[in-house]
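This report concerns only the one structure given below.
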Ligand SMILES: Cc1ncc(COP(=O)(O)O)c(C=O)c1O
Ligand SMILES: N[C@@H](CCOP(=O)(O)O)C(=O)O
């Protein structure tokens with residue numbers, strides 16, 4: 001059978017039952033758990049809904065309903081930009097309504113929440129609030145990001161929010177994969193890629209585009225939103241901008257992203273520039289362009305994005321009934337996400353929702369491993385690199401903008417950095433797929449890190465471990481086709497499963513099947 005031909009052929013108006021904490025809690029509610037939801041006994045932190053909702057007013061949209069239910073109480077929560085990891089005596093800060101990406105010294109920014117205001121509610125309050133919003137269609141809390149609105153963008157008007165009800169992604173118990181390949185029984189895959197545009201970027205983009213929507217309504221000079229991308233940021237940006245009627249401009253490294261990723265911004269009406277460079281070159285260009293033109297920068301250099309992405313960490317805790325796992329493994333490229341996970345976990349600890357945070361592992365492709373090399377050098381002087389081609393194309397990044405955030409996060413949680421060769425990541429992806437998943441190569445990188453840490457005895461068989469799957473496997477079918485076709489130079493493709501070509505003849509089909517069933521030790 002010629003492998004190259006393998007895939008040729010087929011390839012209410014004020015509803016008393018409305019949770020009061022869906023609105024901004026008024027100062028008078030401070031120090032109390034949610035009240036008047038209906039009934040709850042003294043020790044029971046779980047609100048029990050008793051009354052029946054009136055039929056919805058069919059002429060209302062969910063935005064109209066949200067307007068009707070809006071609290072008139074003063075919103076006690078707020079957030080601002082501050083220099084990332086600023087010394088305690090720093091007074092530098094900016095309103096989130098300012099267009100600013102860097103601190104005065106040129107460093108990164110961070111979104112700082114008024115933690116004192118948030119702390120006026122105890123951990124049980126926040127757990128109940130977040131739990132009460134899951135699985136509903138209430139605007140905007142049906143979103144896994146906006147269900148944590150008070151911790152994300154507390155001051156934005158619900159009307160300005162641009163959401164596809166992202167988040168609330170599947171936390172998949174990888175039972176078969178864990179048992180078969182790792183002797184683990186508590187292994188989970190957080191499928192952030194099973195989402196609106198097929199990657200975790202939706203979580204951050206809903207926040208960023210919502211804020212842009214607000215800025216434009218305030219007549220701030222934002223004519224469009226732009227990003228450099230390895231394919232997922234551009235897909236998310238173009239979709240959310242299209243939904244809001246905001247122009248989007250994307251800089252893509254020519255011939256370095258998958259066809260499925262390329263077609264996303266094209267279909268969503270973005271202005272697409274295919275640039276003869278790599279991601280780092282595109283990133284440099286978009287930074288220069290956004291400094292000159294009223295185009296808002298949508299990459300994770302912009303700390304707003306990370307406020308949405310951190311909700312995936314909160315969601316993991318929530319899905320484990322507010323118990324922290326031992327390990328969370330995240331593939332890293334531009335390195336915003338590893339910090340976002342740390343930030344989400346840390347906020348939950350600081351606000352009393354959990355008593356500890358997991359250790360984080362950042363996994364990089366060996367062909368694009370500047371963080372790994374930095375870690376291995378004992379965090380001595382960081383050296384950007386020119387990243388080589390990798391099947392994990394969305395993390396082919398040599399000069400990550402969030403390097404400082406990543407190092408900080410990993411140091412704070414006793415984190416680890418691992419790497420995966422091309423063969424390792426492709427094998428891991430194929431192994432995962434063979435147990436019923438359909439993951440992307442970046443998740444293959446994270447699974448390789450898990451294989452290595454299990455082998456070294458760092459991760460124990462019973463450790464509750466979460467691997468973050470960052471994109472949908474359907475965006476990366478060509479790499480799977482190549483692997484299963486065994487056409488990748490210098491790769492054994494040990495787990496390939498090519499189709500068998502057979503004549504349309506009963507005898508021939510029976511022969512092939514008997515051979516197969518025999519090899520599988522299956523009795524017909
Ligand atoms: C699918 C996928 N996985 C992982 C990453 C890495 O995320 P980060 O750049 O935040 O490190 C990216 C983007 O960089 C991505 O698109
Ligand atoms: N993988 C990313 C790379 C850019 O990352 P960002 O989080 O800084 O936007 C992409 O898909 O473009």
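Yeah, the Cβs are placed from backbone N, Cα and C, and that goes for glycine too.
According to TrEMBL:
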type: COMPBIAS; residues: 1-15; note: compositional bias 'Low complexity'
type: REGION; residues: 1-62; note: region 'Disordered'
type: COMPBIAS; residues: 20-34; note: compositional bias 'Basic residues'
type: COMPBIAS; residues: 37-49; note: compositional bias 'Polar residues'
type: DOMAIN; residues: 163-470; note: domain 'Tryptophan synthase beta chain-like PALP'
type: MOD_RES; residues: 201; note: N6-(pyridoxal phosphate)lysine
Whole-number mean of pLDDT values that fall within the domain 'Tryptophan synthase beta chain-like PALP' (163-470): 98
Cβ packing number for residue 201 (N6-(pyridoxal phosphate)lysine), 10 Å threshold: 36
Structural state of the residue listed as 'N6-(pyridoxal phosphate)lysine', classified by DSSP into three states: helix
